[in-house]
Amino acid sequence: MVFRIASSPYTHNQRQTSRIMLLVLLAAVPGIAAQLWFFGWGTLVQILLASVSALLAEALVLKLRKQSVAATLKDNSALLTGLLLAVSIPPLAPWWMVVLGTVFAVIIAKQLYGGLGQNPFNPAMIGYVVLLISFPVQMTSWLPPHEIAVNIPGFIDAIQVIFSGHITSGGDMNTLRLGIDGISQATPLDTFKTSVRAGHSVEQIMQYPIYSGMLAGVGWQWVNLAWLAGGVWLLWQKAIRWHIPLSFLVTLALCATLGWLFSPETLAAPQIHLLSGATMLGAFFILTDPVTASTTNRGRLIFGALAGLLVWLIRSFGGYPDGVAFAVLLANITVPLIDYYTRPRVYGHRKG
């Protein structure tokens, strides 16, 4: 008889994968609602497109591999992949982008490795990075939050822009991106990085409409707080563990605080890092992916801290305003090494 050797813990929660995935999907509702409120109906359209694309792509591969389609689709992992990608891209990005990114995520980043449980990288973030590198202009074309927008697209407008690039009134994406100051708007992180490189002072930057006296940007801080609320609910439901989110956020806050204290005129304050971009989405919904994260408690703390450090480094010194996706994938690479050195020692065995 052959016994499989595994590191502790040896007892596991018996809740099915589909139930865990469903809890994560439900926890995403506050974040989705906040994005709909501040950025319009495009987010919902992207979610629908990504969900359908993810299910069809997964079904196709399962059929080709002669595996059970119905049983696998019921685990809800494909839906979660599509959802995470859809909420990460601009709400009015062309329809083919979210389809392409989702199909790539499901087929190449997940099924090519053998399906759920075998993929070393987070599929949604692989799809996001592929789109960001291939189509940087479209992937950074975020709408201004409703409070500072000149043109607020309705549901029909959102569908028209996503599928044709224009709306009935004759406007296009460039028109919809105009803020109250008549300038095309960007995210708070993008605005900060671009303005610092242009020689503007932090005091000037914080007067821009995208900040308008808010801690971390109009709309964006509420979106992050909504994702935080969903994440806290996941912790309460014991669907995720606290180690990764806590170490990630503490490390990011610590690095941002130290950087800001040493260079307040070129580096963003900690509240901007914590409440802008995909910080809370990454902390609770992406980094906590049980397949691609570390499996030991010490390893989870190291994994989260590494991701937090990478996010700060990329945002502060890299070429991209929000480094969550890249940080997640780089941290994924280190998981086997982290797990190797943080495995619990077998009782009775000496170290060395």
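Using N, Cα and C of the backbone, Cβ positions are placed for all residues, glycine too.
Note that the structure is predicted; figures quoted are calculated from it, not measured.
Taken from Swiss-Prot, the feature transmembrane segment covers 20-40 (among others), and the record attributes it to sequence analysis.
Swiss-Prot lists 42-62 (among others) with the feature transmembrane segment, giving sequence analysis as the kind of evidence.
Per Swiss-Prot, the feature transmembrane segment maps to 78-109 (among others); the stated evidence is sequence analysis.
Long-range contacts of the transmembrane segment (123-143) within its own chain (CB-CB distance under 8 A, at least 6 residues past either end) are made by residues 39-40, 42, 80-82, 84-85, 88-94, 97, 100-102, 104-106, 108-110, 149, 153, 173, 176-177, 185-187, 190, 286, 320-321, 324-326, 328-329. The transmembrane segment annotation in Swiss-Prot covers 123-143 (among others).
Residues annotated as transmembrane segment in Swiss-Prot: 148-168 (among others).
Other C-beta atoms found within 10 angstroms of the C-beta of T187 (FMN phosphoryl threonine) number 22, with every protein chain shown included. Summarising the annotation, Swiss-Prot assigns FMN phosphoryl threonine to T187 and lists sequence analysis as the type of evidence.
Annotated transmembrane segment per Swiss-Prot: 215-235 (among others), in sequence order, evidence recorded as sequence analysis. Here the transmembrane segment (215-235) has long-range neighbours at 23-24, 27-31, 33-35, 38-39, 144-148, 187-188, 191, 209, 241-242, 245, 271-272, 274-277, 279-281, 283-285, 288, meaning same-chain residues at least 6 beyond its ends whose C-beta is under 8 angstroms from one of its own.
Packing against the transmembrane segment (242-262) from elsewhere in the chain are residues 231, 235, 268-270, 272-274, 279, 282-284, 287-288, 293-294, 297, 300-309, 311-313, 316: each is 6 or more residues past its ends and has a CB under 8 Å from a CB in it. Taken from Swiss-Prot, the feature transmembrane segment applies to 242-262 (among others).
The transmembrane segment annotation in Swiss-Prot covers 267-287 (among others) and rests on sequence analysis.
Annotated transmembrane segment per Swiss-Prot: 301-321 (among others), in sequence order, evidence recorded as sequence analysis.
The feature transmembrane segment is assigned by Swiss-Prot to 322-342 (among others).
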*In the same chain, which residue numbers or ranges, 6 or more beyond the ends of the transmembrane segment (267-287), come under 8 angstroms Cβ to Cβ?*
24, 27-28, 31, 84, 87-88, 122, 124-125, 187-189, 192, 202, 215-217, 220-221, 224-225, 227-228, 230-232, 234-235, 240, 244-245, 248-249, 252-253, 256-257, 259-260, 293, 303-304, 307, 311-312, 315-316, 321-322, 324-325, 327-328, 331
*Please give the sequence-distant neighbours of the transmembrane segment (301-321): residues at least 6 beyond its ends with Cβ less than 8 Å from one of its Cβ atoms.*
132, 140, 186-187, 189-190, 192-194, 243-252, 255-256, 259, 267-268, 273, 277, 279, 282-283, 287, 293-294, 327-328, 330-331, 334-335, 338, 342
